[in-house]
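Per Swiss-Prot, these features apply:
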type    : residues                     : note
BINDING : G10, G11, G12, H13, A14, G15 : FAD binding site
BINDING : 269-283                      : NAD(+) binding site
Amino acid sequence: MDKFNVIVVGGGHAGIEASLAAAKMGKKTLLITILAEQIGAASCNPAIGGLAKGHLVKEIDALGGQMGLTTDAVGIQFRVLNESKGPAVRGSRAQIDMDRYRVYMRNLLLNTPNLEISQEIATEILSANEQITGVKTHLGNVYETTKLIITTGTFLNGLIHVGFNKLKAGRVGELSSINLSQSLRNLGLEMGRLKTGTCPRIDAKTIDFSVLERQEGDAKPAAFSFRTQHFAPEQLPCYIAYTNETTHEIIRSNFDKAPLFTGQIEGIGPRYCPSIEDKINRFGDRDRHHLFIEPQTREASEYYINGFSTSLPYDVQVAMLRSVRGFENARIVRHGYAIEYDYVVPTELKHSLETKKVRGLYLAGQINGTTGYEEAAAQGLMAGINAALNLDAKDPLVLRRDEAYIGVLIDDLVTKGTKEPYRMFTSRAEYRLLLREDNAILRLGGYGRELGLIDDETHARIEQIRVNLAKGLEILNTREFTPSKQNLEFLAGLDEDVISEKVTLQKIVARKSFTSEKLRKLDAFFENLDEASLEQILTECKYSHYIAEQKNQIDKMKDMMSVKIPENFSFRGISGLSNEVVEKLEKFAPPTLFAASEISGITPAAIDILHIYIKMSQR
């Protein structure tokens, strides 16, 4: 019987980050996956990042994860979304060469010390006395471990739908994992059923690109990873097409063949990424819908039709596709489909992503009810880190809501749960002005270094930015700028409005029109600073009032977070708490007063009552 410190089941985006984190933290790690060639496969669109998702990738990178580095290495188009808006809601996004992404990740894992890969199907979770002891595979192999991380994506009891046709699979051409799903149920974990879908892939030579809108990458593309240097990718264009009334009529006339409407699909799909038939049904007043035409590889021989997710029959997919301008002769290489799969209700988890009922069992990714590569990778990284920390008898790394989008993601899952695929949005973060993409390295890089996932050179660069920021703000907040003739001429030379009274330099820099190039001319200290430091200084100046407000809110939140709810605390018998509130508190077992306040249905009045009783119990 082989023994490992950590075993990861599933080679998707969550499994990759979990495996790498555990192995790099010195733990003997095994990754079990159904098909080794598909490690790191992009099952849906060939892109990483986006609004809020880009934040997650930057945070993964700051903690020492891999997703951003690989994206930089194999990306074929890079854009910053919402660039004209404030820094809190900007999102980096990259089109990736999905084939090279897989090869890059697989080779990286194969060459990582302490990490082994085995192509098998995990069939049974082994435990004794509510403690993980190992895992069994379809080959009859038994691997012993005390830390098991399940990252199975859509493979748990996966069922693919195309029209009336159904196929048991975790992805087209790959087996689903049926026994493992039952094994999780046998452990007493509450489970549910979700649904997602994917779009058709089209032969490039059958598309008329001349009638499509061309969408280029940014002229000055920015890397995802702080560790990427000398970044100059060769970029490819994407394209935009539109559905029309003919397309919509074809879809409407085939609603009776749509598994989504016939009752064939039972799982709940993602609210914010609906299928094309769902869009036509819900938004019947719209005369067209955007379709984003995205290359799948650098060779651009196959294109993904983003916005065209469907589970309609194959012949209907062909008809509706060929009704779109530019696709009159299009040939489908890979059809779209819907897939149902089992998931574990995430309120079964602690904030460490360890299950409450079984010690040493961690869950990450779509098995927890999320959707998206980035959400999965973030959870995988945290599960791998916390499994390794637990082996060393150290406290888990639990990121707060004011520290990271990863903290928001996990806190939402474990305190509120989800009944539909959960995806990240900037609106979910109360303190999003503090959780920007640009400061992820400053927020989380220290953790990455402590864990041994960030090297000395990278850590030194991060700390230099921190020093530059402090020094720059000191200069701007303390030095005065008078309306002297020389200063007024200086402002005019920068194409800035003049001043009539003495102000600090910070007031000048806080102007919306003030750029990093202008900042370089303001004082000798800024002249040769790196762009990352300058951007930090500019943002802190421009949004200083709002940042201060959010920091005050955080201080109040920390006071509440510090009030811990004792283990095995009895909520019954507390006067003033309704039966509904008591049942929710018992079900979720929040560790702190703040965690209790995050549970849906727990009122501020209930929190006040609970606070009083906790203090009384501690006397």
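Quick reminder: no glycine exception, Cβ is built from N, Cα and C everywhere.
Of the listed binding-site residues, namely G10, G11, G12, G15, G269, the sparsest Cβ surroundings within 10 Å are found at G269. Rounded to the nearest whole angstrom, the C-alpha distance between H13 (FAD binding site) and N281 (NAD(+) binding site) is 32. Within 10 Å of the Cβ of A14 (FAD binding site) there are 34 other Cβ atoms, across all protein chains.
Cα of N281 (NAD(+) binding site) to Cα of A14 (FAD binding site): a span of 33 Å. Here the Cβ of C273 (NAD(+) binding site) has 18 other Cβ atoms within 10 Å, regardless of which shown protein chain they belong to.
It is N281, among the binding-site residues S275, N281, whose Cβ has the fewest other Cβ atoms within 10 Å in the structure shown. Within the same chain, residues at least six positions away from R271 (NAD(+) binding site) with a Cβ under 8 Å of its Cβ are E420, P421. The number of other Cβ atoms within 10 Å of the Cβ belonging to H13 (FAD binding site), over all protein chains shown, comes to 34. Residue pair G269 (NAD(+) binding site) / G11 (FAD binding site) shows a Cα separation of 23 Å. Cβ neighbour count for F283 (NAD(+) binding site) (all protein chains, 10 Å cutoff from its Cβ): 11. When the binding-site residues E277, K279 are compared by the number of other C-beta atoms lying within 10 angstroms of their own C-beta, K279 comes out lowest.
Taking CA atoms as the reference points, E277 (NAD(+) binding site) and G12 (FAD binding site) are 28 Å apart. In three-state terms derived from DSSP, H13 (FAD binding site) belongs to a helical segment. A straight line from the CA of G15 (FAD binding site) to the CA of K279 (NAD(+) binding site) spans 32 Å.
Shown in sequence order, V8, I16, E17, A18, T33, I39, G40, T151, T152, G153, G365, A376, G380 are the same-chain residues outside G10, G11, G12, H13, A14, G15 whose Cβ sits within 8 Å of the Cβ centre of the FAD site. Within the set of binding-site residues C273, S275, F283, the entry lying nearest in space to A14 (FAD binding site) is C273 (CA atoms).
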